[in-house]
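Right, one structure below, let's go through it.
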Amino acid sequence: MESFLKSNFDVESKRPSEEAQRRWRKAVGLVVRNPRRRFRMVPDLDKRSEVEAKKKKIQEKIRVALYVQKAALQFIEAAAGTEYQLLEEVRKAGFFISPNELATIARRHDKKKLKSHGGLHGISREISVSLDHGIKKSDLLVRQDIYGINQYAESPPRSFWMFVWDALHDLTLIILMICALISVAVGLATEGWPKGMYDGLGIILSIFLVVIVTSVSDYRQSLQFRDLDKEKKKIFIQVTRDAYRQKVAINDLVVGDIVHLSIGDIVPADGLYVSGYSLLIDGSSLSGESEPVYVSHENPFLLAGTKVQDGSATMLVTAVGMRTEWGKLMETLSQGGEDETPLQVKLNGVATIIGKIGLVFAAMTFLVLLVRFMADKVNHVGFKWFPGDALKILNYFAISITIIVVAVPEGLPLAVTLSLAFAMKKLMKEKALVRHLSACETMGSTNCICTDKTGTLTTNHMVVDKIWISELTKSVIGSETTPYLKSVISENVLIVLLQCIFLNSGSEVVRGIDGKTTILGTPTETALLEFGLDLERHVDSQYQDCKKLKVEPFNSVRKKMSVLITLPGGGTRAFCKGASELILQMCDRIIGSDGNTILLSNKQKEDILNVINDFACEALRTLCLAFKDISEDHNVQEIPSAGYTLISIFGIKDPVRPGVKEAVQTCIAAGIKVRMVTGDNINTAKAIAKECGILTDDGLAIEGSEFRNMSPKEMKDIIPKIQVMARSLPLDKYTLVTNLRKMFNEVVAVTGDGTNDAPALHEADIGLAMGLAGTEVAKDSSDVIVLDDNFTSIINVTKWGRAVYINIQKFVQFQVTVNIVALMVNFFSACITGSAPLTAVQLLWVNMIMDTLGALALATEPPNNNMMERPPVGRNDSFITKIMWRNIFGQSIYQLIVLGVLMFDGKKLLRIEGSDSNTVLNTFVFNTFVFCQVFNEINSREMERINVLSGIFSNWIFVTILASTIIFQVIIVEFLGTFASTVPLSWQLWLISVLIGFISMIVGVILKCIPVESNNSRLVQQNGYEALPSGPEAV
């Protein structure tokens, strides 16, 4: 079985090839009862190809409009004589440009039309907005009515009745319905009203129940996915409205809004550039062009869906929603569907194998029943036919079809979807938003996590803890520090320091509607600005009078931020801040406490490096600030890269999050190696890594510069030892992730928050973006968004990932056991006695127990801590393990022996007598069979551990389904005998049925004591950890 699954049903968790996707679809063949339901969550590859072709067509159209010479396009438009009429309703609303005309300006990069409307300021007047104060909130509804809302056209959600319709497309149920109707017709003709319609009506009612239960389950799943989709689309952006900066949901954006853009943002609508610095836009997602473009007053057009690669800016929104090209593209992309997960594909394979076996048994059962019936008929009455004979043959056929219903486990692949939907909903409450289905299950197989330091292992609530300035080191304690600094250091030095803090910053100090001052920006810059605001109360820096000429924003490659300004009294000055060692190398002077600059000697450089290392060893993030006054003959368009004067070094405290050390220990116990990859100083990184328990005595801490200069052979030798990588570039993280996956075959999860982390997030098996500190570009490239940026939340994702995999294994073990027993009982009974003990109605009820209800009960088990005490599942491990086969065959043999003895010697053993003894025995066999499945369902909660009752009452879904199954079984046996071919049983027979079922739990304990080689008993792996022992002794 495993070789068949690997050769036909093996797909990658991320970006599976079309060839692999088509291969498994072909392997499934015709062994599918209901393609509409089974493949509802599987993308249509032909439709996807059409969608991809549409996407390329739209991208080509955009590319032609934006990058090809516009002369031809303008000539065509002029010939067409496109004129836009200003409707009266637009004019009455106070606007003076039509929505379509406004939308075409940015979409077509039409400078001529922009100029004809008076440029940016002319457009702002025509849409009644102040570029400084933004729109008024009171205008929102009017603007939405005239210019549209920022939402894209989507297909309407499926109603409950659509799921009912899907369920009714089950071929076997359709055949059973036809059989039931024929049975009713023949029965009425031969046995009269009402007795003649009981058999057929029983089947119809059973089918109705199956369809309703199935539809309710599927509909609830769809609601869960719909809620998750809404969460995925919750993007908030910074805008200015009513003269205040504020956050608004992307769907609430309107034409006229002033939007603030920074590195890593996705442009939320079409618009015009208002102001900014070094704004570099990546338009590849929209146009397919890989070359980024600078946007400025000369080229002011911004399009929705493009990404801010560098710089910052404000923009005026001119088109939203379906009036943007991105809106049309998104409408197309929403039709493509999400890739199936590896577990869904694997279970389609398992269902195919079981289905083929079931088809053979169903055909053989029908043939055996028919041959025995014909033989008995010939022996007793010859070839004389009676009306009841047709009903009997029809009943045999219905039983065979019902065996197919039981044998083809449609619920297997859908159980994965059910389990994933349940896990994703629970993870939302635990601060993790799963963007791709496959990520949830793949996370359970993770054996390596490459994590950032800042904000993930630490709190990301930064404060200045120490400052070094003019060769003086001072701890920052409340409001005492700034008066002390003023008393010992020249005011000129503090003025320069304040200018550098406030002018060389990507963050802003803004006043909210409530009048409170808020700092918008990164935690590092927030800590500096908070220090600056405190110092500003004692020193007048006049930084507001300075004018910025050029800004080079911070990014993880440059590791510094620079700004060029003009001073109020004349002159030009450059400020720089960033990684301490890097800035120190750019400095050749230092500012003294008297305000004079002096040459930086080698001894002073050495002392400063010691200060940096001392700060870093105290787990402080270090940041250097420097300036340079530029002479008149220097090119003021370029920010210098050397010759700076060192102002100060800041030691910024970012405490380790509570619970991180325990979470890291949980990972180690679970066979997951945690590696820290950070841009910080190596001593800071080592101090935090030791505090978290990541860096051990035999582990290695390395700098990115050393790592990236290694040969592939050297990397292969050193990577297993690496626990910390400091001063790393995004490319270093990408290289590490790639080598871990390809050299060591590890399943790698990686965290990231910056734009440049996108390649590593994309390459990793699971990309984890930070929800608070992460950019929209990082989130867009990720598989999971960690909403609270907490490492502990990553462990929760891992737990649920393992729970999904194990829950599906439990369900498969349970369902295969029921399949084997149901097939064997009916087949051998048909061969030996010429009748099937389980009728069509009874088999339909059994199918519902093991399919929809079984999936709900077992596939929704929450994770427990025991799941994190075993190694992860390897890439090539068998899905159906030897432990599962042991349990399946053990329980099947027990049930077959018991049911076989009851079928052939039950009357004697149980002392059943009377004219209805056969019906009583068959009812008892059916009842015993169901209770065996009820207790086996409890058994299946744990495949290895003996204690299967642990936590059972905390899982209300499991308890409810178990109780419902028992209650309904009582109703079927005691009250619905007319339809289900049962008779009421005595309390003694009920007790024996329950006891026989309960014995399966004792059998389960015995089976778990039989030693079986487990996948978890793998030897030491190349990834550097030793597998943990497992088995009953660990239970």
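Cβ atoms are placed via backbone N, Cα and C, with glycine included.
Over in TrEMBL, the protein carries these features:
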- 119-188: domain 'Cation-transporting P-type ATPase N-terminal' (DOMAIN)
- 171-190: transmembrane segment (TRANSMEM)
- 196-216: transmembrane segment (TRANSMEM)
- 353-373: transmembrane segment (TRANSMEM)
- 393-423: transmembrane segment (TRANSMEM)
- 816-838: transmembrane segment (TRANSMEM)
- 844-862: transmembrane segment (TRANSMEM)
- 883-904: transmembrane segment (TRANSMEM)
- 919-936: transmembrane segment (TRANSMEM)
- 948-972: transmembrane segment (TRANSMEM)
- 987-1010: transmembrane segment (TRANSMEM)
* Structure fact -> Model confidence over the domain 'Cation-transporting P-type ATPase N-terminal' (119-188), as mean pLDDT, sits at 86
* Stretch in 353-373, 816-838, 844-862, 919-936, 948-972 most in contact with the transmembrane segment (196-216), if contact is a CB pair under 8 A -> 844-862
* Asked: Counting Cβ pairs under 8 Å to the transmembrane segment (919-936), which of 353-373, 816-838, 844-862 comes out on top?
  -> 816-838
* Hey, which bits of the same chain come close to the transmembrane segment (816-838), Cβ under 8 Å, at least six residues off its ends? -> 354, 357-358, 361, 364-365, 368-369, 372-373, 376, 396, 399, 403, 406-407, 409, 846, 849-850, 854, 880, 887-888, 891-892, 895-896, 899-900, 903-904, 922, 925-926, 929, 932-933, 936
* Structure fact -> The answer for the transmembrane segment (353-373), taking Cβ pairs under 8 Å and residues 6+ beyond its ends, is 1, 4, 31-32, 392-393, 396-397, 399-401, 403-404, 406-409, 412, 816, 819, 823, 826-827, 830-831, 834-836
* Structure fact -> Near the transmembrane segment (883-904) in space but 6 or more residues beyond its ends, with Cβ under 8 Å, are 809, 812-813, 816-817, 820-821, 824-825, 828-829, 832-833, 837, 910, 921, 924-925, 928-929, 932, 936, 939-940, 943-944, 996, 999-1000, 1003-1004, 1006-1008, 1010, 1012, 1014
* Asked: Which residue counts does DSSP give the domain 'Cation-transporting P-type ATPase N-terminal' (119-188) for helix, strand and coil?
  -> 45 helix, 3 strand, 22 coil
